[in-house]
Amino acid sequence: MARGCLCCVKYMMFLFNLLFWLSGCGLLGVGIWLSVSQGSFATFSPSFPSLSAANLVITLGSVVMVTGFLGCLGAIKENKCLLLSFFIVLLIILLAELILLILFFVYTEKVSENAKQDLKDGLRLYNTDNNVGLRNAWNIIQAEWQCCGVTGLSDWHEALQEKSVPDRCCQEHYTECGRNTTNVFWSQGCYEKVEEWLNDNKHLLGTIAMCVLVLQLLGMAFSMTLYQQIHRAGKKYDA
């Protein structure tokens, strides 16, 4: 009976972590594809040049892959050391998420102001030759979200030191339209647009966050249950 319970928990954990590992492979693949095919779509932040969408997805995919591999191997080999390592990794990730969440809510205003200032500093690099990625990123965001600058089109005037804006700020887009001051430009800043999107989708984002939390807790529960089952089975065998 005990052996049957052990096998049941073992294969449940293996399947759980196999899906986890496959998800990591998928994320890593998407990250590599973004890095290779969309390399020109880089970061908005001059302070964190490596903080691009591709690098974030690659990092996330790698962490998920390694964690899933630990869980799969620990389950199939019934290895207590690997199972404990899997539990500790998930616990560290969970604690890091909670700490970051608490810090974010405590320092929301400061984080927001620093983010705005950093993005504004990045606007100054818009026309420089070695920042094609930043330029493409701003062009895509402004066209898709129908916004201009960080808090408004005046950000571009300050950054470019002239009364012009990128062409993607124009409501009717054509070449050099940003230099024609009689044109109608998008008046809303992109930062505000992103805040609106986050507010509109807060329930969906909250649901996703809860699902991630449940998956982490399930992984920790499976690993500790299997760890205890193996430990007890070992004691009975020794006796």
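Just so you know, glycine gets a Cβ as well, placed from its N, Cα and C.
The topological domain 'Cytoplasmic' annotation in Swiss-Prot covers 1-13 (among others) and rests on sequence analysis.
Residues annotated as transmembrane segment in Swiss-Prot, with sequence analysis given as evidence: 14-34 (among others).
Taken from Swiss-Prot, the feature topological domain 'Extracellular' applies to 35-55 (among others), supported by sequence analysis.
Annotation source Swiss-Prot lists transmembrane segment at 56-76 (among others).
Here the topological domain 'Cytoplasmic' (77-85) has a mean pLDDT of 90 out of 100. According to Swiss-Prot, the feature topological domain 'Cytoplasmic' maps to 77-85 (among others), an assignment based on sequence analysis.
Tertiary proximity for the transmembrane segment (86-106) is limited to same-chain residues at least six positions away from its ends with a CB under 8 Å from its CB atoms, namely 17, 63, 66-67, 70-71, 74, 213, 216-217, 219-220, 223-224, 227. Look at Swiss-Prot and you will find 86-106 (among others) tagged as transmembrane segment, backed by sequence analysis.
Among the features that Swiss-Prot reports, topological domain 'Extracellular' is placed at 107-203 (among others), with the record citing sequence analysis. Counted with DSSP, the topological domain 'Extracellular' (107-203) comes out as 56 helix, 2 strand, 39 coil.
Same-chain residues at least 6 positions away in sequence with a Cβ under 8 Å from that of N180 (N-linked glycosylation site) are not found in this chain. If you look up Swiss-Prot, you'll see N180 marked as N-linked glycosylation site.
Annotation source Swiss-Prot lists transmembrane segment at 204-224 (among others). Counting same-chain residues at least six beyond the ends of the transmembrane segment (204-224), those with a Cβ under 8 angstroms from any Cβ of the stretch are 9, 12-13, 16-17, 20, 67, 71, 74-75, 83-84, 86-87, 90-91, 93-94, 198.
The topological domain 'Cytoplasmic' annotation in Swiss-Prot covers 225-239 (among others).
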Same-chain residues at least 6 beyond the ends of the topological domain 'Cytoplasmic' (77-85) whose Cβ lies under 8 Å from its Cβ atoms = 6, 10, 70-71, 223-224, 226-227, 230-231
